[in-house]
Amino acid sequence: MEIIRAKHMGFCFGVLEAINVCNSLVEEKGRKYILGMLVHNKQVVEDMERKGFKLVTEDELLNDMDELKEDDIVVIRAHGTSKSVHEKLKERKVKVFDATCIFVNKIRQEIEIANENGYSILFMGDKNHPEVKGVISFADDIQIFESFEEAKKLKIDLDKTYLLSTQTTLNKKKFEEIKKYFKENYKNVVIFDKICGATAVRQKAVEDLAVKVEVMIIVGDTKSSNTKKLYEISKKLNDNSYLVENEEQLDLSIFRGKEVVGITAGASTPEETIMNIEKKVRGIYKMSNVNENQNEFSLMLEEFLPNQEKRVEGVIESMDQNFSYLDVPGERTAVRVRTDELKDYKVGDTVEVLITGLSEEDDDQEYITASRRKIEVEKNWEKIEDSFKNKTILDAKVTKKIKGGYLVEAFLYPGFLPNSLSEISDSEEKVNGKKIQVIVKDIKMDPKDKKNRKITYSVKDIRLAEQEKEFAGLAVGQIVDCVVTEVLDFGLAVDINTLKGFIHISEVSWKRLDKLSDNYKVGDKIKAVVVSLDEAKRNVKLSIKKLEEDPWATVANEFKVDDEIEGIVTKVLPYGAFVEIKPGVEGLVHISDFSWTKKKVNVADYVKEREKIKVRITDLHPEDRKLKLGIKQLVANPWETAEKDFAIDTVIKGKVVEVKPFGIFVEIADGIDAFVHSSDYNWVGEEIPKFEIGNEVELKITELDLNNKKIKGSLKALRKSPWEHAMEEYKVGTTVEKKIKTVADFGLFIELIKGIDGFIPTQFASKEFIKNIRDKFSEGDVVKAQVVEVNKETQKIKLSIKKIEIEEEKREEREQIEKYSTSSSEE
């Protein structure tokens, strides 16, 4: 069976450093506490408990704070802790060893700095995770969310500036989606992306491996956030993915019939656990408690510091590339020393050496072996002790990079230089042979063998000592020389000799600087003034702009509300434009202050960056450094005269500026539109007009709403309606002959003019009784009827056939009467 390890897996340097911190404290006096789980791994935690550490929660520590003594030790876990715990520990003056991961510390520091400088914080992470609980306690104004859906629901104030940050162990792909959303939708959100590099590469490594193997094993504590994320990623790509804490949880049946197995592990998983998993898979599982680093270190000590045997003096008789041979009185054979130990000697010189034994059996000739190096090592011990006691600086050389740090040699004394004390960058590749300066941090001797000395070196302590000296020499208001080390979105990180300083973007210039990288680069030498000093954190905050006079100091004397002035546009944003009215003094023209009449304003249509424009001051508060400007205030508000200019029934011409399916908008004055609904285009029966933008039209004002600044107009109101025409033509008594348009159960409809029908009720359709009107009339029949009623309110005209018939009948009767009357007279 082939077992393939992920390219990146297991202990990250943050976890390793936390474990190294605890291991270095095992022999210290006093009670030893670890705040929370040192790392999310039961085996590591249990190992620490066996070594004398007691695990306590934050609540337990705070409750028992009064019982802590000055020689007690508290180790802060890799995930960090809350601000209140830090402050309480500082008050108690106990020995605190902060093993917080540097990525977590970096995020915490950036959030704290940003919050102090007025930024609101947006933080993505699991609010119940100990890392998140600790980090967010350092900010007052903060919103927490866990998903893209929650991010979209956040309340973002466009007048505020935000810092977006994240939990270090978050899924990098998820945060990339969040970053993209905020970049595309908000210009006032600064993104601080510090997902742990170890987390990101481990997630990428498991993605690459999961698709290449038949079974994927993820090793780690089930409570570990980064371990669970590795499992989730693997499970999506390979359904045969299993999360186990140790070899005891491993079910060998899952490997039945499988040939290729992949293994990865969380950042808190020991190498021993991973190896035990591998051994069980191969069927050769057995426990191993080898400490790789310690063995390597011990072997090196044995190589250079064997038990002393005998010192002798001899004359160098010959030297070759590998060995030199000495004549030592009293010895039965030549004494052989490695030539590289006698670089400062030549043939004929007398030299003192230490006898170490006999040459190997396979040598052609037997020699007594000796060492000059070990003599020199003993002579240099005073320098090592002096460095330990008085912190004197030693020249040293890196001999090898090992897990957790480096093997270093100073005055022939090898020792261990932990990563946390090395000041050597992780990205630095060629470190073997690197010359450095160190001090001795610690010496441990074996009581049974005083030659077995374990030395811990430190580079960091040299810097801290120099920093302490330099920090003591600083004062608020002092001008210092700095070198830019990092250009961030919200400030400049600088070096002041050995000290670190920070210049927030708001302290760089009195002028607006949206992108510091346009003005500064790494390596720039600048001057700045010290504005605050934090002795506890060795933090130095500086200002460049305070080297010059505050331009706001004279604003009250130079400007007042209602002044019309010229300025330069410095920034165009969706919600307005910033205009500089003098160097270092800016005001905002809000989007609502560009036009009296336009409801939808595109700021970029009005102004461009670096353009000189005229503005009016609408609000000014120099003490708060607030200035509001307006462009529309330069001209009169046309709505103030709208009641007179656009009174109801006013006929006015304008141009079509927008065509919608439901109507048109007509500009009747600069920036003032009237809306004409499609139902007001034409009367029934008239041709429906078509409009294009730019068409000139005439309309009549039908509605004026000054409160909501709305005007409605009508095109058809310019002409008489069909009803008005009908009223003029069809008065009561008018007789018409028209075709029947519709036959209904209750009467007849005839079209008088296009769009206006007349109605003949059934009872008016004939003088005779009509049982079924459809039997008597059909659509298309021409009938003669008389208008009997015109109702203006309902706009209805009623007619009668019956009245015509009765009148005709009466006329015929009169004619007959007249006829017979005439005949009788003649007779």
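For all residues, glycine too, the Cβ spot is worked out from N, Cα and C.
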Q: Can you match one of H129, H504, H590 to the dimethylallyl diphosphate site that Swiss-Prot gives for H40, H79, S224, S225, N226, S268?
A: H129
(Q) In the three-state scheme derived from DSSP, which category covers N226 (isopentenyl diphosphate binding site)? (A) helix
Q: Would you mind giving the whole-number mean pLDDT across the domain 'S1 motif 1' (477-545)?
A: 92
Q) Any idea what DSSP makes of C101 ([4Fe-4S] cluster binding site), helix, strand or coil? A) coil
**Q.** Cα distance (Å, whole number) from T168 ((2E)-4-hydroxy-3-methylbut-2-enyl diphosphate binding site) to N226 (isopentenyl diphosphate binding site)
**A.** 9
Q) Relative to the Cα of E131 (active site, proton donor), which of the binding-site residues C12, H79, C101, S225, S268 has the closest Cα? A) H79
**Q.** For S268 (isopentenyl diphosphate binding site), nearby residues of its own chain (Cβ under 8 Å, 6 or more apart in sequence)
**A.** F11, V15, V39, H40, N41, V44, A78, G220, D221, S224, N226, T227
Q: Pull the DSSP breakdown for the domain 'S1 motif 4' (733-802) and write it out as helix, strand, coil residue counts.
A: 9 helix, 38 strand, 23 coil
